[in-house]
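As written in TrEMBL, here are the features:
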- 47-67: transmembrane segment (TRANSMEM)
- 79-101: transmembrane segment (TRANSMEM)
- 121-142: transmembrane segment (TRANSMEM)
- 154-175: transmembrane segment (TRANSMEM)
- 187-209: transmembrane segment (TRANSMEM)
- 215-233: transmembrane segment (TRANSMEM)
- 254-274: transmembrane segment (TRANSMEM)
- 286-310: transmembrane segment (TRANSMEM)
- 330-349: transmembrane segment (TRANSMEM)
- 369-388: transmembrane segment (TRANSMEM)
- 400-421: transmembrane segment (TRANSMEM)
- 427-447: transmembrane segment (TRANSMEM)
Amino acid sequence: MLDRSAVGLNVSICIVSTVTTTTSNSHESTARAEQAKQVVRPWKQGVFTFADQAVVSLVSAVTTIIVGRTCSLDELGVFVFGVSLMWRAIGLPVALVWSPYASRAPHLTPASLRRYAGSSAAIAILLSLIQAVVLLIAYGVLMALSGVVEVPVWIPRLVLAMAPLLLGATLREHARRTCIADFRGQLLLAIDLPIALVQVSLLALLWRFDWLDSSTALLAVALATMLSIAWFVGESRRVTFRRRMAVAHLRSNFGFGVWLLAIALAWLVCDLLLRSLLTGFHGIEAMGTFGAAYTIVGLINPIVNAATIFCRSWAARVYAAMGLAGLRRFALIGTAVAAALALLATALLTLFGEQIVELLFKSNYASRYVMGAVTLGFCLQAVIVPVEAAQMALERGRELFVASFLRVAMVFVAGIPLVWWQGAAGIGWTTAVQSIAVLSVMWFYFLKGNDA
């Protein structure tokens, strides 16, 4: 009896073990099949991403045009300054949250992904609050200094408006980039269409009651982006949050993203320096001229911004599915396509951009030369995207930082003389020089790392 029971028990254990292994293998096979299916179907997700970015860019352009047509050139300059700084400041959560998430999400099991997504959401919320508090403190310092030294009136106004703007924009971008990284592109328009409608409606009300200026326009954008909180509420049902796990994930993200954080700070410093040089040498009105040209260039943002976000997620999935050889092909083909599109866009906007500025803004805002320089610099930045995405997929943060350090160096080497000499066009020429230098260094490190 004991022997038979032992035999029966062993048989039962074997059967349970076999069933468990089979079930586990089945789950793994299903997960791998789903992952492979997502890599094979990138274009479907790409359509959602590009469509959503078109909405975001169109509303951004419409907002800038409304401010430009309603307000003075210097108010337009302040508004453009604020929006450009907002996008650069978002580079901090890009480094500490979204880039690590996009690179690691394809490799995680569903349970691990739920925990990582919960931690990422918590970290993004924390960063947005820290940024807002820092800006409010800076506003208090500026107001205290205004009684001692002369501070331009627009600076404290801008800093105060930036606090809620950065808070809302960070929350919105977290929702968008998480959906893109998870290949849930169908949710993007559900996030951004309501925000777009509220933003335009608020601007219309401000215009109707003659309250529209750079500060109220920035606050309208901030209030609209707060609608993304609804996504966080809905997402809380599908993610898992544990404080201890979030701390561990933050440490891990910092190890991955410390170099990317340095890169984001380099970008922020570059933008601050270039725009400060422009306003210092030529006044805040010159920022308005630059802003008008940059808004027209922004009409191709659906291609550039969506490609940037999407390429980073796609590169991680290509590397997970096809290895280094597939990633190399991705970078080569992507760079060639981006270069061709950059040349085409530069030619078209240089030819027709001046007329578009006159149509949408005012005739004294238009300059074909400024348009050509700004377009060239903007488009050359897009050529970097594929190889940068490949480097991020390989988690080569140090190499990315070295390349990015050139941006800051180029501001001092080329930016100061070019902005002093060329004004608004000087920012475009400086950006072009930066992009060529960074592209060269990134490809050098990418090929060198592959050979090693």
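Placed from the backbone N, Cα and C atoms, the Cβ positions cover glycine too.
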Quiz item: Considering only Cβ pairs under 8 Å, which range in 79-101, 187-209, 369-388, 400-421, 427-447 makes the most contacts with the transmembrane segment (47-67)?
Solution: 187-209
Quiz item: Taking the transmembrane segment (400-421) as reference, which of 121-142, 154-175, 254-274, 427-447 has the most Cβ pairs under 8 angstroms?
Solution: 427-447
Quiz item: Residues sitting near the transmembrane segment (215-233): Cβ under 8 Å, six or more positions beyond its termini, same chain?
Solution: 63, 66-67, 78-79, 82-83, 121, 125, 157-158, 160-162, 164-165, 167-169, 171-172, 174-175, 187, 191, 194-196, 198-199, 202-203, 206
Quiz item: Which one, 187-209, 254-274, 369-388, has the most C-beta pairs under 8 Å toward the transmembrane segment (79-101)?
Solution: 254-274
Quiz item: What stretch of 154-175, 187-209, 254-274, 330-349, 427-447 shows the most Cβ pairs under 8 Å to the transmembrane segment (369-388)?
Solution: 427-447
Practice problem: Give me the stretch from 187-209, 254-274, 286-310, 330-349 with the greatest number of Cβ pairs under 8 Å to the transmembrane segment (154-175). | Solution: 187-209
Quiz prompt | Contacting positions for the transmembrane segment (187-209) when only residues 6+ beyond its ends and CB under 8 Å are counted | solution = 48-49, 51-52, 55-56, 58-59, 62-63, 66, 70, 172, 175-176, 179-180, 216-217, 220-221, 223-225, 227-228, 231
Exercise. Would you kindly list the residues that approach the transmembrane segment (330-349) from elsewhere in its chain, counting only those six or more residues past its ends and only Cβ-Cβ distances under 8 Å?
Key: 296-297, 300, 303, 307, 311, 314-315, 318, 371-372, 375-376, 379-380, 382-383, 385-387, 389-390, 443, 446
